[in-house]
Amino acid sequence: MEKPLTQNIRTDGTAIDLAAYERAGGYQGLRKALRMSPEEVLETVKRSGLRGRGGAGFPTGVKWSLVPRGKDAPHPKYVVANADEMEPGAFKDRFLLEGDPHQMIEGMIIAAYAVEADAAYIFLRWAYREAAVRLSKAIADAYRHRYLGKNILETGYNLEMILHVSAGRYICGEETALLNALEGKRANPRAKPPYPQTVGLWGKPTVVNNVETFCNVPHILKNGPDWFQSLSRTKDAGTKLYGASGKVKRPGLWELPMGTTAREILEEHAGGMRDGLRFRAAIPGGASTEFITEPHLDIPMDFDEIKKAGSRLGTATLIVLDDRTCPVGMLWNIEQFFAQESCGWCTPCWSGLSWVEQILGAMERGEGEEGDLEILRQQTKFMAPGNTFCALAPGAMEPLASGLTYFQEDFERHIREKRCPWKS
Amino acid sequence: MLSPEERREIEAELPLYPNKQAVCIDAMQIVQKHRGWVPDEAIQDVASLLDMAPDELDGIATFYNRIFRRPVGRHVLLLCDSVSCWVMGYERVRAHLMERLGVGLGQTTADNRFTFLPNVCLGACDRAPVMMVNEDLHADLTTEKIDTLLEDYK
């Protein structure tokens, strides 16, 4: 099978340089795009069916089409790569950035051309030190070879690209909070509408896409939308970086057709559970998604199908729970993260998440009380989508709500036995 | 006072953004690179350079996890405490580090060698448990591995 996203990634851990990237067909997608009109590029991406790989799955071409274009459009316009990747359990973008930085840069230039942007920012999390070094070099090389800067490849198109290394907060991954962070402010989310496509960075039209999304774009331009559709097993087009962490035999990351099942990922690629352990459940797409269990493992992992199992594709990097790990402890860890990383902008989030985290902590310490489960269930409703300013708290409630369903007996044992049954 | 080098590095960032404030997070990271942390006087100086109020800049500094507003040791040890690392033995690794370093999370060793901090997901979940020491990522941690690698940081 074809693996366009990872075809250039070397097994020795080094990054492919510009010359090797070009020899492998790199920047051909950009050259082709620059011979087309921005409108034609946008239509090509639309027809490909590419959906955003950051987790929400919004159609990429549609997102780009909301940016005002033409001679009356406001300028400067911006394209931003969301390379924050702080969702616990997610590690796919690091792999792409470290192994093949030019791929994302090329995708960003094509996106910028399609929306007629003037500048592109890469918003990179600080912990990705190696990615920062490699991206800096790749950007400098791209400037030297006229893929960036003034009059790109003699076409008259100009684009500046800037690497911004952030100072760390999970909320920076929320696209409007990211814009505030880039502007040198606290990364509180902004009210939508207006959406960033019309009022974004410094009030100007802005497109924000995930790293993996941009990485797909050069291949779509080079090979066409029909080819992109053909890579998938389902109606969601393309390949997908799937991953697995937890007590499986071979934790890792694999580029597979969109729609690969969780069972194939876990059993064939991750090698199944470690000896002596059994699969109990998994969070399919980072810490903010609902658990799936054994009956869901044969559902294709794409945006729509996984929804039918009551979860979300998210980042498609599975976190596996085995039968000897306490689900209450796991959820406590997850909710501690969300409570700490709440930006504090709205009361249900900063207050509610702290309450949830404290209740789960008390249960793990053997201090759980009758009525705790009811409070937790209420909180999942109070912090449901629409009740908070952004998606952080609703995301935090997804694993908890599903955990309360699948692990009710485990919660009740904690309260009844006044201890964590997994601790001796 | 900002050193000439700090000032030069901060000023080099200014053309990359449409206004001065946008440079403030980079500026504090530049100060931290040189001094290990961001003291009050640096907040004053950076704010002045970027036409911001010191209080406003401090409010931004305290929002971000990676800006240190208190002194740190020669090496900053960040232990990932997120879910994949937790599943793979975070608590065991934390206990071992606390024993070896003789300090708890958030503290600096008496010899000023290490500051031991918790850190949210380091994005290496397939190699959990993981930690960073300064800019180096260390993965697949075991107690034996920790003992060996701590010796590399004098």
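Glycine residues also receive a Cβ, built from the backbone N, Cα and C atoms like all the rest.
The secondary structure of B:C121 ([2Fe-2S] cluster binding site), as reduced to three states from DSSP, is coil rather than helix or strand. In the structure as shown, the Cβ atom of B:C121 ([2Fe-2S] cluster binding site) sits within 10 Å of 28 other Cβ atoms. Here TrEMBL flags B:C80, B:C85, B:C121, B:C125 as [2Fe-2S] cluster binding site.
When other Cβ atoms within 10 Å of the Cβ of B:C80 ([2Fe-2S] cluster binding site) are tallied across all protein chains shown, the result is 29.
The binding-site residues examined here are B:C85, B:C125; by Cβ neighbour count within 10 Å, the least packed of them is B:C85. Candidate binding-site residues B:C80, B:C121, B:C125 yield B:C121, B:C125 as lying near chain A, with Cβ-Cβ distance under 8 angstroms.
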